[in-house]
Amino acid sequence: MIIKLLVALIHYLHETMAVQSIITTPLLVILMSLRSYAFTEPSLHRQQPPSKGGVRAAYWPAWSDFSTSSIDTNYFTHIYYAFVQPAPESFNLEITESYKKWAPKYDGIHNIRPRVTTLLSIGGGGNNATLFSEMASSKQNRASFINSTIHVARKHEFNGLDLDWEWPGDEKDMSNLALLLKEWYKALVVEANTSRKSRLLLTSAVYFNSTISLIGNGPRSYPVRAIRKYLDWASPMCFDYNGAWANETGFNAALYDPNSNISTKYGIGSWIGSGVPAEKLVMGLPLYGRAWELKDPNDHGVGAKAVGPAVDTDGSMDYDEILVFNKDTGAKVVYDEVAVSFYSYSGTTWIGYDDGPSITKKVQFARSMGLKGYFFWAIGKDKDWTISKQASNAWGY
């Protein structure tokens, strides 16, 4: 009865848009966790036929040594070039020496068959969030940025533009994001009419949840109306749920988590519940895992104490690297049926990741929810296309 009352309360607060002003963050997290139980469990057996416009996408990191000419486009419909950045002060896209070096490698993608749709992605995880905030803060700044993106996209024959702003810092940023999307879309329509070319696509990578509440400056919600009206689709990044920033092991991209609201099911449900149609969502999937150094090698379950990352500075490991580690060390591999995720451990190293069976179920989940598609971060981490092929097959191709 108490849970029902709390669920009813948060539904009321959400509808009145008062949730962020009268509930403290800890209580908000508790209520959101309880609310996750109210979402209807999708049937993974009631598959929808893939839509004609279904998206099977992946990001190509420009710094990767993986050539675009080696991409098997049988498994993808869309490829993102990641990333370019706006310049300080002018907010025009910076065509740096690095970009000039990497762009020719990407240009070869136009010669691959079957053809794919290409998008230029702006921002990324290492972007200067303050710079994006400044860019979006005035009409003049937004216009400079928008005009520059269109110019660069047309010059290099991209089919669309993608915004990866990580992250809008407060509600003012979210309001300005709405204005940016509106003005950007209208500029794309005008340019298409003037050039007599197809309108450039406009998409955006977004937080896994429609409200950012666990990082940054307190809860702030994405501008759902603008996203629904002006984007071709939004791409929730359904990964990085756990990492070496917390000294205990956890899944990188749990589909379900009965104990919290940090899961793909909850995140996608929040986007749909906020008013973004399922057919405008492209769900993110990781081709990498997160590795910890265990505090005690005999304590190796989910939630085990750790002392930091096992590799690199952030503990990230490409899927191919994980397979090599598992084979070379004879690691114990465990599939968690509740989270729909894998983990492996050997000695003091513990890795949470996805493999073919979990990716297949996640793609089936996306289909059962009526989503527009899925995307991977990132090409080059699955060199023999093992997971990419299984995902494509699960989508129905």
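Start at 1 and count along the chain as shown; that gives each residue its number.
Backbone N, Cα and C atoms are what each Cβ position is placed from, and that goes for glycine too.
Going by Swiss-Prot, these are the annotated features:
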- 1-18: signal peptide (SIGNAL)
- 54-397: domain 'GH18' (DOMAIN)
- Asn128: N-linked glycosylation site (CARBOHYD)
- Asn147: N-linked glycosylation site (CARBOHYD)
- Glu166: active site, proton donor (ACT_SITE)
- Asn193: N-linked glycosylation site (CARBOHYD)
- Asn209: N-linked glycosylation site (CARBOHYD)
- Asn247: N-linked glycosylation site (CARBOHYD)
- Asn261: N-linked glycosylation site (CARBOHYD)
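Structure with Swiss-Prot features highlighted.
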residue: Asn128; record: N-linked glycosylation site; CB count, 10 Å: 13
residue: Asn147; record: N-linked glycosylation site; CB count, 10 Å: 15
residue: Glu166; record: active site, proton donor; CB count, 10 Å: 18
residue: Asn193; record: N-linked glycosylation site; CB count, 10 Å: 10
residue: Asn209; record: N-linked glycosylation site; CB count, 10 Å: 23
residue: Asn247; record: N-linked glycosylation site; CB count, 10 Å: 13
residue: Asn261; record: N-linked glycosylation site; CB count, 10 Å: 24
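Asn193 (N-linked glycosylation site) sits 33 Å from Asn128 (N-linked glycosylation site), taking the C-alpha atoms as the reference points.
When the recorded positions Asn128, Asn147, Glu166, Asn247, Asn261 are compared by Cα distance to Asn209 (N-linked glycosylation site), the shortest distance belongs to Asn261. The shortest Cα-Cα distance from Asn247 (N-linked glycosylation site) to any of the recorded positions (Asn128, Asn147, Glu166, Asn261) is found for Asn261. Under the three-state DSSP scheme, Asn193 (N-linked glycosylation site) falls in the helix class. Cα distances from the residue listed as 'active site, proton donor' to the glycosylation sites Asn128, Asn147, Asn261 are smallest for Asn128. In the three-state DSSP reading, Asn261 (N-linked glycosylation site) counts as coil. Asn147 (N-linked glycosylation site) falls within a helical segment according to DSSP.
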